[in-house]
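Student: There's a structure below that I have some questions on.
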Amino acid sequence: MIDSLDLVIDSIFAREVLDSRGNPTVEAEVLLEGGAKGRAIVPSGASTGAYEAHELRDGGTRYMGKGVLRVVEHIEDRIAPSLCGLSASDQVNVDQIMRELDGTENKENLGANAILAVSIATARSAANAFGMPLYRYLGNPMSSLLPVPLMNVINGGAHAANNLDFQEFMLVPHGAESFREALRMGAEVFHTLKKLLSDKGLSTAVGDEGGFAPDLENNNAAGDLLVQAIEKAGFRPGEEISLALDVASTEFFKNGLYHFGEGKFSSEKMVEELKKLVNLYPIISIEDGLSEDDWSGWELLTKELGNKVQLVGDDLFVTNTKRLRQGIDRSIANSILIKVNQIGTLTETLEAIDLSHRMGYTSIISHRSGETEDTTIADLAVATRAGQIKTGSLSRSERVAKYNQLLRIEDQLGAQAVYAGSVGLGPRGLSK
């Protein structure tokens, strides 16, 4: 039995470290009276929604304005004095105190990156004090569901310097019997795709999230390549491995029109384009198919495709329960992407996941394009029984770190482990 005094926060430290793009981010450490400690590093996005919590940067010339020394200062000089002496096991209280200390809705005073680093480090310190893995501490004895991975193997948009408008083209190995098998299937298609690209004289350089970033004629060419790679690797498209898209359409939405390819599309035309893709390819999930502010367009998209595929709100919902409730009230989308740094605390993240599940929406735990070796989201996916995780391709160690953590969790769970795809969970559209 652990002594309650062992859970008391003794000290909090922070440091400036680098993310996978070589940009600064913040790492926090929380030390408890009993000797346990927790550490967390915050990721950073490239294509960020306008309604995300505020990521604080230093400005100036150092690190081209992207330094986070002010964030470090806020953690050590303002947050630490307010939290030391409190119990690390009272996550809700810890997060609420930081939110009140900041005093703004989007956390612009202290910075969501400051608050989130401490929030996750606190949870990790408590889990370590109890001698529990993070997924068990945040979850419950029933938390044994391993997520279906959405593997970003072709990068475009803001994540790559190529001519693809859509940001991510993903493999979804839902037909596997275990997470380990799903990872193998994805890796085999990834390497098959690399050879196909090489044989065609196309680049096999990778983008921010570890996927290939070739210059292809259009989005359809990416779909064709993926289907070909799946088949050549020995799998059945649509039965064992399907496709998912992150359109990231806010990035090319200007003056009420969607600018991509050689055209300019209204919301109605954009919906028609997405319907064509769903009919052409084994697509079961579309993320941010329309812009974050195009609510009427989203209503149409959901009406047309909501019963066929998973429609995911990322920039649309930004892991925010207020925006998610608005979407639910208007019957918009049927899934939410969960990014911890979009909202800035672990408590609010868990609230968004809980709301989505209670209202019949699926949830996908997601990385950011600027990632680190921190594997919290792998544990979070299992803890919340989310059923899906999006953490990049099968290359770059900051992406693979999450997959490897899920392999460890699957081993720890043993016979209890259940792969979401094997029991018909995961993205909508698997039965189409």
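The backbone N, Cα and C atoms fix where each Cβ goes, and this holds for glycine too.
The feature active site, proton donor is assigned by Swiss-Prot to Glu209, with sequence analysis given as support. According to Swiss-Prot, the active site, proton acceptor annotation covers Lys339, on the basis of sequence analysis. Annotation source Swiss-Prot lists (2R)-2-phosphoglycerate binding site at Gln167, Lys339, Arg368, Ser369, Lys390. Look at Swiss-Prot and you will find Asp246, Glu287, Asp314 tagged as Mg(2+) binding site.
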Student: Could you say whether, by DSSP, the residue listed as 'active site, proton acceptor' belongs to a helix, a strand or a coil region?
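Tutor: DSSP call for the residue listed as 'active site, proton acceptor': coil, neither helix nor strand.
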Student: Using the Cβ center of Asp246, Glu287, Asp314 as the Mg(2+) site position, which other residues in that chain lie within 8 Å, going by their Cβ?
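Tutor: Near the Mg(2+) site, beyond Asp246, Glu287, Asp314, sit Gln167, Glu168, Leu245, Val247, Ala248, Ile286, Asp288, Val312, Asp315, Leu337.
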Student: Filter the recorded positions Asp246, Glu287, Asp314, Lys339 down to the ones within 10 angstroms of Ser369 ((2R)-2-phosphoglycerate binding site), Cα to Cα, kept in sequence order.
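Tutor: Final answer: none.
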Student: Could you measure between Lys390 ((2R)-2-phosphoglycerate binding site) and Asp314 (Mg(2+) binding site) for me? Cα positions, answer in whole angstrom.
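Tutor: With distance taken Cα to Cα, Asp314 (Mg(2+) binding site) is 12 Å from Lys390 ((2R)-2-phosphoglycerate binding site).
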Student: Under a three-state reduction of DSSP output, how is Asp246 (Mg(2+) binding site) classified: helix, strand, or coil?
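Tutor: Where Asp246 (Mg(2+) binding site) sits, the three-state DSSP reduction gives strand.
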Student: Could you round the CA separation between Arg368 ((2R)-2-phosphoglycerate binding site) and Asp314 (Mg(2+) binding site) to a whole angstrom and send it over?
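Tutor: Per the Cα atoms, Arg368 ((2R)-2-phosphoglycerate binding site) and Asp314 (Mg(2+) binding site) stand 11 Å apart.
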Student: Out of the recorded positions Gln167, Glu209, Lys339, give me the one sitting nearest to Glu287 (Mg(2+) binding site) by CA distance.
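Tutor: So, spelling it out, the nearest of the recorded positions is Gln167.
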Student: Which one of the recorded positions (Glu209, Asp246) has its C-beta surrounded by the most other C-beta atoms within 10 angstroms?
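Tutor: It comes out as Glu209.
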Student: Could you state the whole-number distance in Å separating the C-alpha atoms of Asp314 (Mg(2+) binding site) and the residue listed as 'active site, proton acceptor'?
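Tutor: Approximately 8 Å lies between the Cα of Asp314 (Mg(2+) binding site) and that of the residue listed as 'active site, proton acceptor'.
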Student: Can you name the residues of this chain that are 6 or more positions from Lys339 (active site, proton acceptor) yet have a C-beta less than 8 Å from its C-beta?
Tutor: Gly45, Asp314, Val318, Thr319, Ser366, His367, Arg368
Student: Reported as an integer number of Å, what is the Cα distance between the residue listed as 'active site, proton donor' and Gln167 ((2R)-2-phosphoglycerate binding site)?
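Tutor: About 10 Å separate the Cα atoms of these two residues.
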Student: State the count of C-beta atoms found within 10 angstroms of the C-beta of Glu287 (Mg(2+) binding site), not counting that atom itself.
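Tutor: Taking all protein chains shown, Glu287 (Mg(2+) binding site) has 28 Cβ neighbours within 10 Å.
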